[in-house]
Every structure is written in C-alpha cells, then in structure tokens.
Amino acid sequence: EFGGERKEVVLVILHGLCGSSKSGYVQSLASEASRRKGWTVVVVHSRGCGGVPLTTGYSFTAANTEDPREAIHNIHRQKPQATLVAVGFSLGAGILTKYLAEEGSHTPIRAAVACCPSFDFLTETRWFPLYTKAILAPALRRWFLKNKEAFVEHGTVSPDRVLQCRDVRDFDAEVVVPLHGYESVDHYYTESSTKDRVQHIAIPYLAVNAEDDPICSVASVPRDSCSLNGNLAFLITPAGGHVGHASGIFPKTLSWLDSVSIEFLSSALAHVASQEEEEEEEEEDGVDPDEW
C-alpha cells in the first residue's frame, strides 16, 4: 500500500548472459516477489533467448538498451496505473544501469536493483580468463547454434569462425563488433561501461556486488558516485560469488539477493510515495518547495 491505496506493482526482470525466464535466479526472485508482495512479474528476454527464435541478423549486446527500453515502455503503456520497478542480473544488471542512466527522470521505472553488474567491462578479475573459457564462451556458442539460421539467412557472420571462438572477447570480435559498427572490442566494452554514467540515474538505485565475484570485478564499482548522487547505493559483500549470495541452513537454498532486492524496492516505493504526498499537500497549501 502506497499512500493508503493498494496499487499494482510490476517487477521487470532482466536476465544474465544467455539466460531466460527459466533461469533459476529469475524464477526464485519472481516467486518470492509474487508470494511475499503480490507483485506482477515480467521477464524481458534478450534477442534469441528464452526459446524465442532470433529474427534479425544481429545479437543482443551489453551496450544495447533499445530492446529493454521498448519493452519497459510497452509495459507502461499497457499498465499506465501500475508502479514499475526493475531488477537486473549480471549482464542484465549492466544493461539496466545503462538504460536508467540514459533515461534519467524520464523512465517509468520508480526504483531498481542491479545484482552483480560490471561497471567497467575493461576491468577483469584474475579468475575471468578461466570463467570466460569454461562457462561464458560455451554458453554463447550454444546460443549461436540455436540462432544460427538467422545469421546464415542474413549473411552477417561466419558460423565456422564463431564456433571456433574460445572466449567472450573472441565472440565479441566475431559477432558484436562487426554487426554493431564498433571500431574494436575495446571500443564496444567502453560503450557498454557505466562507471562514468551512473551519476545520471534519477531514481532510487541499489547495486549489489561481491568481493569474490569471479566475473564482475568490484574494482569497477564507482563508489564516489554516491556523494554526487543521492539516488545511488552500492552494497559490496565480502562473499557471494556471481549472482550467488545463498542463505539459509545447509545446503543454503534461499537467495539473499531476493530478500535484499524486494526490501529495497519496497522501501524505495514507500519513500517515493511519501515524498509525493508531501508535495501534493504543499501544492494544496500554496507552498512552493523551490522557494524554501
């Protein structure tokens, strides 16, 4: 309840690299948000993910915010009276962060949480080379195979060269850079990074990172931005891995990220509603807050 009136809350979730609405971390948050708060949940799939065939000759990227922007605004058009909040995981957290920075106060999202985002794609952890070859690159190759026909039809890339990629950087060089007009992989990574953009976020925003995250380095977290923008909060834990933060009694099947995300979003919405009520009362009393 916000302002004494029950409003529908829509939680928009952006999944991680090659994820979908079937990903465990997505289903966990969706279930908890629905069970504990009664929120409506919408998962935005990246191109070619979630069993939805790719129909274009180009892929999703870490820098492309047009797809989630269209999805979010479409949700807002269909449910103009609902309150929208968002949570992004991993790559989806970075995309969500970039979108919010670009939109500023124009986004219909009222509060957001970024779980394990990278703020600088040029900064790697010491474990990243291992993870990119063992986990990330194979996931991208599987994604490509599922969507191979679209690329072949449009004649945009060489399937043989893509399937020979051994890490994420190779894949980005073969697929993302040429299809999206970047000068190089470093140029693409620079355009995807948000460490110098977060100060433009105009809604309550929480980023959660772990010091032992093997994929997204906490060294990239722009801690000083908090002093420049009161909407930002960065939570760095000593442990938690990448989209991990398991909790509960062994074997720890509960997600601490779910609880933190839901509690932050709920508190942020209550705070925003309180501020709006005060502004309405001031307008009714003929008081101009700007003159204080």
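Glycine too: its Cβ is placed from the backbone N, Cα and C atoms.
Noted in TrEMBL for the protein shown:
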- 10-245: domain 'AB hydrolase-1' (DOMAIN)
- SER90: active site, charge relay system (ACT_SITE)
- ASP213: active site, charge relay system (ACT_SITE)
- HIS242: active site, charge relay system (ACT_SITE)
- 273-292: region 'Disordered' (REGION)
- 275-292: compositional bias 'Acidic residues' (COMPBIAS)
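Cα-Cα distance from ASP213 (active site, charge relay system) to HIS242 (active site, charge relay system): 5 Å (rounded to the nearest whole number).
Predicted-model confidence for the domain 'AB hydrolase-1' (10-245) is 95, expressed as mean pLDDT.
For SER90 (active site, charge relay system) paired with HIS242 (active site, charge relay system), the C-alpha to C-alpha distance reads 8 Å. Long-range Cβ neighbours of HIS242 (active site, charge relay system) (same chain, at least 6 residues apart, Cβ-Cβ under 8 Å): SER90, CYS116, ALA210, ASP213, PRO214, ILE215, CYS216.
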